[in-house]
Amino acid sequence: MSPATILVLAMSMSVDAFAVSVGRGAALGRPRLSEALRTGAVFGAVEAATPLIGWAAGMVASSYLEAIDHWIAFGLLAGVGLHMLVAAFSRRDEEADDTPRGRSIWVLLATALGTSIDAMAVGVSLAFLNVNIVVVALAIGAMSFLMSSGGMLVGRMVGQKFGRLAEVVAGVALCGLGLAILIEHLSA
């Protein structure tokens, strides 16, 4: 696999993480740089690990994963999206969600897992190609780290101007992404 192909693959696998991070940055209002880096680290680690897991599973688990991956992605993304919508509409004022629950590592991890299901499927497909899976996984992880950290900072700027609206849009986008994954797999 050429370096250009690896770069395109890494960017493609990172787009969902970027979009979610923009929404997260907007929802949190004024996330600190350390929080943006933490978000990037979690997304990067999960996005790097899932193609490795998929690759290792290869042919053995592909039929099992293929049968349920869309339900897992839908459940995680829709759950996090609904959580964001409820949080946006339950606030009485325009303050950001700075509560411990809003900054929960578990919410962040669930979101990262939801956006990385496709990377696991890519990992399964890479098992049939002559690629260095470690290089590919590290590229995906590094790109996800950069795009997620940057997305949090972009979301911070958007959130200061649009606050609740940005959180609603992000929640709807997550629910829509989960639904699109489900529909795509059910109609195939």
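Each Cβ is built from the backbone N, Cα and C atoms, and glycine gets one as well.
Per Swiss-Prot, the feature transmembrane segment maps to 3-23, 41-61, 70-90, 104-124, 126-146, 168-188.
Counting residues 6+ beyond its ends, the transmembrane segment (70-90) has Cβ neighbours under 8 Å at 23, 27, 97, 102, 107, 110-111, 113-115, 117-118, 164, 167-168, 170-179, 181-182, 184-186 in the same chain.
Among the stretches 3-23, 41-61, 168-188, the one making the largest number of Cβ pairs under 8 Å with the transmembrane segment (126-146) is 41-61. Within its own chain, the transmembrane segment (168-188) has Cβ neighbours under 8 Å at 16, 19-20, 22-24, 26-27, 69-71, 73-78, 80-85, 88-89, 111, 114-115, 117-118, counting only residues six or more beyond its boundaries. Taking Cβ pairs closer than 8 Å, the transmembrane segment (104-124) reaches residues 9, 13, 16-17, 20, 24, 38-39, 42-43, 45-47, 49-58, 61-62, 65-66, 69-70, 72-73, 75-77, 79-80, 83, 133, 137, 140, 174, 177-178, 181 in its own chain, all 6 or more past its ends.
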